[in-house]
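Enquirer: As annotated in Swiss-Prot:
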MOD_RES   1  N-acetylalanine
MOD_RES   4  phosphoserine
MOD_RES   22  phosphoserine
MOD_RES   23  phosphoserine
MOD_RES   26  phosphotyrosine
MOD_RES   31  phosphothreonine
MOD_RES   42  phosphoserine
MOD_RES   44  phosphoserine
MOD_RES   51  phosphothreonine
MOD_RES   77  phosphoserine
MOD_RES   78  phosphothreonine
MOD_RES   129  phosphothreonine
MOD_RES   143  phosphothreonine
MOD_RES   151  phosphoserine
MOD_RES   182  phosphothreonine
MOD_RES   200  phosphoserine
REGION    1-43  region 'Disordered'
REGION    32-79  region 'Involved in binding TNC'
REGION    129-150  region 'Involved in binding TNC and actin'
SITE      80  site 'Involved in TNI-TNT interactions'
SITE      97  site 'Involved in TNI-TNT interactions'
């Protein structure tokens, strides 16, 4: 049977030929315009931009300082009214001075309280910051189970049961030496010179010299 025919006997269409890219296609792809990479800024341009940014920042700081001075002047003008001293006698001037001193003392007390609060807050912030740094450098401690201390005998008893006593009796296999045997051995060892003299016949000669 012909391979180009299917089971019904009809002719199947021939597959499309595989087209390969020629060298011309590759050359065309290479010459196509692609997205250009950004150019690097030169050192002189960077220096110029930094100088410009510093100038702008300096102008902003000067403007903010001028605004703060203006706000301070307006606050002082509203709180501290100009004094009217015309037509005041000596006693009235003394009363006015006492009132001004009292106001100054009150303002100093308030300023001291505010400074104390600010110092306390700064100290607390520094302590909290240090605690944060300490916590970052530590590992989180896992929750441990309750530890129950148990002796070695109790542990072996729980593991081995009745065999624990036999296992833990380590001195059972050691050699037992009685005290009497030890004294006898010491006594025998201490008389070794006398035994040698008796065996060699030197005991009588020693008595002659001693006499």
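Cβ from N, Cα, C; glycine included.
From a predicted model like this one, the values you see are computed outputs, not experimental measurements.
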Enquirer: Taking the Cα atoms as reference points, how far is residue 42 (phosphoserine) from residue 129 (phosphothreonine) in Å?
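Expert: So the alpha carbons of residue 42 (phosphoserine) and residue 129 (phosphothreonine) sit roughly 41 Å from each other.
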Enquirer: Please name which of the recorded positions listed here, 51, 77, 78, 80, is nearest in space to residue 129 (phosphothreonine), Cα against Cα.
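Expert: Closest by Cα distance to residue 129 (phosphothreonine) among the recorded positions 51, 77, 78, 80: 51.
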Enquirer: Have a look at the recorded positions 44, 51, 97 and say which one has the shortest Cα distance to residue 80 (site 'Involved in TNI-TNT interactions').
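Expert: Closest by Cα: 97.
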